[in-house]
Amino acid sequence: MADYLISGGTGYIPDDGLSAQQLFAVGDGLTYNDFLILPGFIDFTSDEVDLTSALTKKITLKTPLISSPMDTVTESSMAIAMALMGGIGIIHHNCTPEFQANEVRKVKRFEQGFITDPVVLSPHHTVGDVLEAKVRHGFSGIPITETGKMGSKLVGIVTSRDIDFLSEKDNNKYLEEAMTKREDLVVAPAGVTLKEANDILQRSKKGKLPIVNDKDELVAIIARTDLKKNRDYPLASKDSRKQLLCGAAIGTREDDKYRLDLLTQSGVDMVVLDSSQGNSVYQINMIHYIKQKYPELQVVGGNVVTAAQAKNLIDAGVDALRVGMGCGSICITQEVMACGRPQGTSVYKVAEYARRFGVPVIADGGIQTVGHVVKALSLGASTVMMGSLLAATTEAPGEYFFSDGVRLKKYRGMGSLDAMEKNTSSQKRYFSEGDKVKVAQGVSGSVQDKGSIHKFVPYLIAGIQHGCQDIGAKSLSVLRSMMYSGELKFEKRTMSAQVEGGVHGLHSFEKRLY
């Protein structure tokens, strides 16, 4: 045996790594890439890991993921998909109060399998309009009503079978000539269950099943393609009435009180006070107002990055805190305003303080990979809010476009001039609605197509579970208790360590995540 090797028992284990307290004791601001978590002992499978976590004082999610209130990330389609997967979506407020309230209403009224806001045309639209809708939305089975709107009398339907063999000169042909007429349609009455509707659709061998009320007005539609996708969502985030959970963002100005009233009438479960710097008299006054008028409504305050900021909002009565300033991929606040904080340090410092008062923390921004999600949760965050990671999914607002053969969707910061020019709500978020000269705190860009949330979020969930398994934490509550007890160990990474931890030494490679 080599002379440097010692023969003996294994009772001795050297101290290794740093506790979170030691890691953040130094004054350096740390991002998620600046450290790693040391592995622990595995005695369970990854699918046993429980990801249940508190969103607010009274709302718990089975998946700790939230979609950000940005106008290129979250409207009703995203919020529905996130809630079905066990997370929640926060509807943006860079729009009219009426539009936002209607988006919330769509989420709360959602029934799995029933499409309540399909593309609808009138008999006076043309075949060209159908072809255009097919390019934009990817399907051509479109119900035809008298006015071209939902709630109007059903007069027919146009499917690919009706138009596939028409020539280009027929593009101006009216749909009343091309459509399948009402008398030839199979329909189901309003109030039918999803199972009954599915049975009718299967027996009829049709592609679409319109749902009509007793006046023969269109109220919903079921698609055969959705039948294949229809499955149980055991993790779905629901309220006591079995409706999907939905949040919405509002500002802190006087006119936001009207927006708040409309949102509560729509059944919103929580409001997020959307401000780049939450420690303000405006936000504190708004928290007091909401808690007085709607005491049961959950209120998320922020954004904050220090315990001192958090204290004022906790004292005002918030039910959760949103943490992050200048760390988003499209955010230039730190560059322009010289204000902010690296996100790793922000999450740890605020979460460590807020937990003493039972206030959960949402890590908002800077999430580029599933590993970053695990790191945020290991630093004390209860949930993680994502923007760019969910942008360019099928459910995100906006239309796809191609650039150099790559399928993209637009993504922009709410502090970008683009967003500010669209609506004053974005200006209020950055306290600049009265400024003659607008100072941008965000940029506009594009993100590559990621496919559907229904495929992407399961990848994130599996990644978080595997991360917790490697750490040796069977649940997120165990993960946080390990961190606060000092059992969870971290290690700083040098720049060369970060290079080593990524793909390196290859001539070329393809990175497929799922």
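Each Cβ is built from the backbone N, Cα and C atoms, and glycine gets one as well.
Quantities reported herein were computed from a predicted structural model and do not represent experimental measurements.
Annotated domain 'CBS 1' per Swiss-Prot: 114-174, in sequence order. The feature domain 'CBS 2' is assigned by Swiss-Prot to 179-237. The NAD(+) binding site annotation in Swiss-Prot covers ASP274, SER275, SER276, GLY324, MET325, GLY326. The K(+) binding site annotation in Swiss-Prot covers GLY326, GLY328, CYS331, GLU500, GLY501, GLY502. If you look up Swiss-Prot, you'll see SER329, ASP364, GLY365, GLY366, GLY387, SER388, TYR411, ARG412, GLY413, MET414, GLY415, GLN441 marked as IMP binding site. The active site, thioimidate intermediate annotation in Swiss-Prot covers CYS331. As annotated by Swiss-Prot, active site, proton acceptor applies to ARG429, with the evidence given as sequence analysis.
Feature annotations (Swiss-Prot) mapped to structure.
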{"residue": "ASP274", "record": "NAD(+) binding site", "DSSP (3 states)": "coil"}
{"residue": "GLY324", "record": "NAD(+) binding site", "DSSP (3 states)": "coil"}
{"residue": "GLY365", "record": "IMP binding site", "DSSP (3 states)": "coil"}
{"residue": "GLY387", "record": "IMP binding site", "DSSP (3 states)": "coil"}
{"residue": "TYR411", "record": "IMP binding site", "DSSP (3 states)": "strand"}
{"residue": "GLY501", "record": "K(+) binding site", "DSSP (3 states)": "helix"}
For the domain 'CBS 2' (179-237), the number of residues DSSP places in helix, strand and coil: 20 helix, 16 strand, 23 coil
The domain 'CBS 1' (114-174): DSSP-derived helix, strand, coil residue counts: 20 helix, 14 strand, 27 coil
Proximal residue to SER275 (NAD(+) binding site) among binding-site residues GLY365, TYR411, GLY501, GLY502 (C-alpha distance): GLY365
Local confidence of the prediction over the domain 'CBS 2' (179-237), expressed as mean pLDDT: 82
Protein Cβ atoms within 10 Å of GLY387 (IMP binding site), excluding its own: 27
Closest of ASP274, GLY326, GLY365, GLY387 to GLY501 (K(+) binding site), Cα positions, binding-site residues only: GLY365
Distance, GLY365 (IMP binding site) to GLY324 (NAD(+) binding site) (CA atoms, angstrom): 6
Separation of alpha carbons, GLY365 (IMP binding site) and ASP274 (NAD(+) binding site) (Å): 14
